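Report on the structure given below.
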């Protein structure tokens, strides 16, 4: 049996050999490009574009086009990369290193380049972006926030503009015209959030010219790809409309759970992040709400509100999971430490937290359109990404996105020292040790970056440092306005920076004068994050580009991660070694391995959650793609939609006639009901009598009704003198029916997904149950769309002054 470790090593060597070969080819062009004048170098862009156009000129089939295009880009890669490289030197004063060429080749292949902090990912991307922008199909450079989109577009846009390519920035609240212009550019910088919502909104428009993304999804290059493809994947993008108001049960449920005692009335499951009532708690609930049975089948709304109130009060912590700002509950992205603006928890949980915090409870919204980031990015013809940390999630990236994670060598050897974790018996003892080390390092002027797990922890440590007269800056979700400035100065002599996870990404920390002689940047972490990637990002802040530096993690048995997964086992070791003194510390690789084992369990749970979200969205995906495709056909039609509308009429007639003539005896057929249907939906009252249908076969009845409908259609066509008016009328009728029933369907599926998990208690597979009901509901929705479109069109009264 082959050794899997050996296989991975061999595969890695093979990949690096291929990348080195590509880098050789690019570097072979270096002297030739350096000898060109600016005009000659700039003239390469139209030459490349012409070569691509020539290769695709006689290819019409889409799949074949994509293959020819990929082959053409591979052939152009060495020279195009060399052009972009030389242009970067002239325009930006930066000349990509060999390892950056290798990283760009990985990106062009549709894979993920893992490059250490400070290795120049932004410059690396320029070569792959330039090559793929030559196709005139659009390149989307995806970032985690609007600030980075604007910054990178401004900095790198100088290079692209110089090479004759246009650059656009898609900002969240920009008008549609500006968004359209940004997407029409050769290269578009945008956040994943903006692209996702623009895609959903584009599939809700009624006119082709209202779309902002006119070219579809071609090539996406994602910066901080692990954050976008992994960390945000648990939360689907949802466009909502007004709901049915605010339930009074939120306040009542919140008041009830605040009367309960832990362990006696409820038990908290830290691992699953849920809280359940005990028998005593259930009894108290029955008294509080004056009920005989709290879990009566007819009172599921109340129990749902109680469940959410329990989670809100005991699983979601202020200043850790969310903050309250300006009278609103705002979520904190646990992977970045930043506020997730505009994001709300679903299923009434956000409202339960609002009730807990005593702020205005906003009404629940109705889901109108939704998609997961997984399915959004899987729609791109080519997807690539770059980040400093992704190897730990390689399996998920391969399985979900079909991307390989390829680690790019550093330009200089890494000199940073990562010390083993230090474990203390209590949080107090841990903080004492942290502050002691900070004071020692600060006295000699060595810059220190202290990573904390939450806003609450950062503020606690800040208070301790203030009491010890240690000057410092604090960076967290409440104080992110000066993020770039604070992080940029964090490497200066004497700087002490306390930060949440937001310090792990974005702006580089460059060492100030004399800092290298002091040992470089010191990274101190006050706890382990539940993801190894986040820890590695924090470590990677020290030792960039071969700088000196070190990282040290301080843990305690009272940390959240330890309580959830590792504390009991480690406490047993503690007791066997008689280490019960408050200041005792364990410094052992075994502790580090135990913690990493706990992290792997959390990562596994999180992966299962993301996979579960995707499995449910995959059920909707086929339906969504079908509906969106049909909408596009209707919107883009330029002649007539009779070929869409009349088959809808035919199928509607067939469904009604089939139901009303299901008896084998024609004498038992419900002919009067068919006439009622015809008068309500197809024709004017009195246009059809029972005698007209008596004696006819089922097929003849359908043919009779269809002939009347066809005649009605022809009359309307004559009444609307201009073909454009008829087409516009058809579009409005069909799209209104589709949109109304599709949004109702999406909302129903959302509610089904939230409740279907309970069927697991009945030994049923919730996902299969969801699939079956979603399929049945979709077929019913199609029938409802066709019925409404038929009725609206056939019963509409056309007036001479009608403007569609």
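Cβ coordinates are placed from backbone N, Cα and C, and glycine is handled just like the others.
From the candidate list 418, 421, 508, 517, the residue Swiss-Prot records in the ATP site shared with 100, 118, 119, 120, 121, 122 is 508.
Residues listed for ATP, 100, 118, 119, 120, 121, 122, 508, cover a largest CA to CA span of 17 Å. For residue 120 (ATP binding site), the same-chain residues that are 6 or more apart in sequence and have a Cβ closer than 8 Å to its Cβ are 94, 96, 97, 100. Proximity of residue 121 (ATP binding site) to non-local residues of its own chain (separation of 6 or more, Cβ distance below 8 Å) is seen for 103, 113, 115, 223, 386, 387, 388, given in sequence order.
In this structure, residue 121 (ATP binding site) is part of a helix by DSSP.
One residue stands out among the binding-site residues 119, 508 for having the most other Cβ atoms within 10 Å of its Cβ: 119.
Neighbour list (residue 122 (ATP binding site), Cβ cut-off 8 Å, at least 6 residues apart, same chain): 152, 155, 156, 223. Local packing around the binding-site residues 100, 118 was summarised as the count of other Cβ atoms within 10 Å of each Cβ; on this measure the leading residue is 100.
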